[in-house]
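> Found this in Swiss-Prot, in case it helps:
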{"type": "SIGNAL", "residues": "1-17", "note": "signal peptide"}
{"type": "DOMAIN", "residues": "29-194", "note": "domain 'C-type lectin'"}
{"type": "DISULFID", "residues": "C50-C193", "note": "disulfide bond"}
{"type": "COMPBIAS", "residues": "207-310", "note": "compositional bias 'Gly residues'"}
{"type": "COMPBIAS", "residues": "311-323", "note": "compositional bias 'Low complexity'"}
Amino acid sequence: MKGLLLILASLVAIATGQDCPAYYVRSSSGASCYRYFNIRVLHRMASEFCEMVTPCGNGPSRMGALASISSPIENHEVYRMVASFSQDNQMENEAWLGWNTQSPRFWEDGTPAYPNGFAGFHQSGSYTSWPSWRPGMPTSGWPVNPANPWTPPPGRAPVMKGQHVTPQQPGQRPNLGPEWDLVEATAMRAFVCEVAAGQNIPPGQQPGFGGQQPGFGGRQPGFGGQQPGFGQQPGFGGRQPGFGGRQPGFGGQQPGFGGQQPGFGGQQPGFGGQQPGFGGQQPGFGGQQPGFGGQQPGFGGGPQRPGMGGQPNSPNPRFNRPRMLQEAETDVTGS
């Protein structure tokens, strides 16, 4: 049973954005919200359940409690709410109220029990019913027990129950309303929870200012609808960090200057769009392979292999002779 109460409490404690939790009824005074639970439990379990209910909106931070009755209007409102759950609009089950003989001077929500409480009891202190107040009757007729708290047997708690008074004259409507009684706290009864009402929050306005997320003006935290910072992404002017909508650095380029890769101009690191070095060539000078003059490393204008003016040095003297003699010998040999 206690597990069931915990589940119910988790459901009713969800705020709805209104002034009362879900399925609670606001009192005519606007100060409280009530809900009747037609679950028969011990007084202690009913009290613990109500204490898990939280108020909605910006209501007081105190938790809920079993209902405390402090006026004839409130007494009748709670009764009508409970009676509305029956087919004949009369209470079918007695319901626990938020007081017990363990702390007789106060209701369980901390409000004084005297002089505004116990109005449903007869002033004689016999704990029997007292004819209830009805709408239109003067509130001054609400009996108040001016004495110190009674000293009934310990372990008792009040219940609200239906009352039917037979008309005194033919044609007079019966007096239907609540009366209270003291019963053993170990008895099983239904109960009524009360929680302070919060201020009604207009739809779509979350806590903060002007319907926006916490911050100013409907924007994300910061200023002016932007991401944190000023007007844009962090930094200045709607851009990425840095200046002017560009990547970090200056002028929309990659880090460095201009639109180029790091360095100067549009080239790779170095100068003039070429590979590292000068003039668009491979490392070296003049577009040639390393060395001078477009040739293989070495000197001369030919595409020969490394060496000086001929084939690479070879142990065969034939290959070290001038090309003209080599070609002549080739012609003679071939012929």
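Cβ from N, Cα, C; glycine included.
Keep in mind it's a predicted model, so treat the numbers as computed, not measured.
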> Quick one: average pLDDT across the domain 'C-type lectin' (29-194), no decimals.
73
> Going by DSSP, is C50 (disulfide bond) part of a helix, a strand, or coil?
helix
